[in-house]
Structures are given as C-alpha cells and as structure tokens.
Amino acid sequence: MSPSPSSSAAKDAPPPLPEPLRVAVADSHTHLDMQAGSVEEGLAKAASVGVTTVVQVGCDVKGSRWAAETAAAHPNVHAAVALHPNEAPRIVLGDPDGWSRQGARAGGGEGALDDALAEIEALAALGHVKAVGETGLDYFRTGPEGMAAQERSFRAHIEIAKRQGKALVIHDRDAHADVLRVLREEGAPERTVFHCYSGDAEMARECAAAGYYMSFAGTVTFKNAAPLREALAVAPLELVLVETDAPYLTPAPYRGRPNAPYLIPLTVRAMAAVRGIDEDAMATALAANTARAFDY
Ligand SMILES: [Zn+2]
Ligand SMILES: [Zn+2]
C-alpha cells in the first residue's frame with residue numbers, strides 16, 4: 001500500500017514550536033539558505049523560543065558570500081566561510097551535480113581550487129565572519145579520486161583560519177583519525193569546533209585534551225546514538241556546543257521532517273538529560289561556550 005497523501009504531507013510539515021528556553025542559546029551551525037521561508041522569518045521563529053543567535057555556514061564561494069552578507073545585515077547572525085570537503089574535489093575534478101548550481105563545469109584543476117581559496121580568504125578577513133569552515137574530510141560522500149583535493153583544501157583552510165585569527169569549523173564524516181592527524185600536523189587554530197560531532201567517548205577525550213569544541217546536533221537525540229551520548233557525557237562542559245545543521249538532522253521525535261534553528265530546544269533538553277543537569281544550566285553553558293568559540 002502506498003502512503004496516503006495526508007501522511008506524506010505531515011512528513012514534510014515543519015514540526016511545531018517547542019516550549020521556549022528560559023536562557024537564550026545560539027545555534028552554532030545552520031544553513032539558512034537551504035531552509036524554507038525568509039531569513040527574517042527563520043530568525044524570528046528561533047528567537048521566539050530562545051534561540052537568539054545563529055552561525056550561518058557557507059559551503060562554496062557563492063554560499064560563503066551569502067553567509068557574509070547575511071551576517072552583515074543581521075547583528076545576531078555570524079558567518080562561517082569555506083569550501084565544503086565535498087566541494088573541493090568538485091572544483092578540481094568537475095561535477096555537474098555540484099551544489100553551487102553553476103551548471104555543468106569541466107574540472108578546473110588545482111588552479112581553480114587556489115582561486116576559490118583566495119576568495120574564501122578575502123571573505124574570512126571580514127569582521128562579521130567569525131569562522132573558517134565547514135572544512136575537513138568526508139569519506140562518506142567523496143571517493144578515493146577526490147581525497148587528495150579534499151585534504152589539500154582542508155590544510156589550506158586551517159592556514160586561512162590561523163592567518164585571519166578565526167575559529168575553524170570541522171566537518172568530519174567517517175574520517176576521525178585522518179582529521180585529527182591533519183590537525184596535529186598543521187597545528188590547529190586556537191579555536192577549533194567539531195561540527196555535528198560524531199565520535200565516541202574515546203575521541204571526545206582526545207578532543208578535550210586538545211581543547212577542541214564539540215558541537216552536538218539532533219543526532220544526539222536519536223535512539224541508536226548511544227556512543228554519541230557517551231561522548232557528550234565525558235566531554236568537558238565548557239567545550240560543548242549545540243547546533244541544528246538545519247535543514248538536516250532534525251531531532252527526535254521529528255526525525256525526517258525539515259529542521260530549522262527553532263528546534264534547538266529539543267536538542268538542548270536531550271543534552272541536559274544526558275549530563276544530568278537542569279535545562280537552564282545547560283543553556284547557560286552553551287551560550288557562553290558558543291560566544292567564546294566564535295569570539296563574538
Ligand atoms: Zn557538515
Ligand atoms: Zn553543515
């Protein structure tokens with residue numbers, strides 16, 4: 001039997017507003033440009049439940065420009081700029097399905113990557129751009145042919161973050177050991193954030209020893225995410241952040257429906273339960289940590 005139209009409509013419907021937080025927090029990683037509705041609507045909805053600040057993350061040159069412009073126009077939006085780990089190989093090798101939507105393009109080679117990196121560095125120098133990222137390694141979506149370009153891009157982003165004195169936002173998918181190795185080899189910037197942290201408790205101890213921030217997404221609410229909750233339980237509270245990565249990773253019980261910054265309270269409550277502290281204490285720590293990590 002195929003699903004009835006009403007059940008598929010419900011699946012695409014935005015989840016209801018959660019009960020507001022009493023202590024305001026920041027969504028440390030979101031993609032407003034990939035969400036339905038205007039930026040103003042999204043920010044107002046988030047603020048109505050105590051999510052008063054967001055970090056808008058660019059994934060390619062065009063998206064990074066947009067992030068910088070959006071941050072310039074909204075005092076509570078901060079920008080992060082980068083070529084996503086899956087974007088760098090597309091620039092070098094070419095890929096008609098690239099998310100820049102710039103149409104089919106031939107592979108531009110390493111020169112094209114250097115040109116794009118120069119644009120990212122110019123954006124990173126702007127005052128309202130607080131971070132370089134998301135960058136890192138993604139072995140889930142990028143195959144062996146793209147790994148060299150991906151690692152070269154990651155190393156270049158680390159250098160940009162250090163030169164510009166900005167935070168570094170890491171995307172690490174199925175690549176924990178290599179991400180940690182590259183950070184060690186290059187020397188991590190003073191402030192480094194693992195976005196959508198996906199390691200276990202052992203890796204959390206390693207991140208803690210290096211002073212890396214760990215940003216937890218809706219995945220921490222998923223039933224099958226016990227290792228993630230064990231990581232959150234051992235991470236030093238002062239290194240813990242919260243994010244949506246919206247429109248992806250919608251927290252339970254709305255998994256599969258569109259995510260947006262206004263759903264952060266669901267994740268904050270789940271995190272407070274894991275830590276065994278009350279919601280206000282969790283939110284207070286998250287707010288202070290995000291401001292420190294991104295220096296705003
Ligand atoms: Zn990511
Ligand atoms: Zn992201």
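From the backbone N, Cα and C atoms, a Cβ is placed for every residue, glycine too.
Look at TrEMBL and you will find HIS29, HIS31, GLU134, ASP245 tagged as divalent metal cation 1 binding site. Taken from TrEMBL, the feature divalent metal cation 2 binding site covers HIS171, HIS195.
In the three-state DSSP reading, HIS31 (divalent metal cation 1 binding site) counts as coil.
All protein chains considered, the CB of ASP245 (divalent metal cation 1 binding site) has 22 other CB atoms within 10 Å. Under 6 Å, Cβ to nearest atom of ligand 1: this is the test, and of the binding-site residues HIS29, HIS31, GLU134, HIS171 it is passed by GLU134, HIS171. The 10 Å shell around the Cβ of GLU134 (divalent metal cation 1 binding site) contains 28 further Cβ atoms across the protein chains shown. Other Cβ atoms within 10 Å of the Cβ of HIS171 (divalent metal cation 2 binding site) number 25 in total over all chains. Shown in sequence order, THR30, VAL57, VAL169, HIS171, HIS195, CYS196, GLU243, THR244, ALA246, TYR248 are the same-chain residues outside HIS29, HIS31, GLU134, ASP245 whose Cβ sits within 8 Å of the Cβ centre of the divalent metal cation 1 site. A distance of 13 Å separates the Cα atom of HIS31 (divalent metal cation 1 binding site) from that of HIS195 (divalent metal cation 2 binding site). In this structure, the C-alpha atom of HIS29 (divalent metal cation 1 binding site) lies 7 angstrom from that of HIS195 (divalent metal cation 2 binding site). Listed in sequence order, SER28, HIS29, VAL57, GLY133, GLU134, VAL169, ILE170, HIS171, SER215, ALA217, GLU243, ASP245 are the same-chain residues at least 6 apart in sequence whose CB falls under 8 Å from the CB of HIS195 (divalent metal cation 2 binding site).
With every protein chain in view, the residue among the binding-site residues HIS29, HIS31 whose Cβ has the most Cβ partners within 10 Å turns out to be HIS29.
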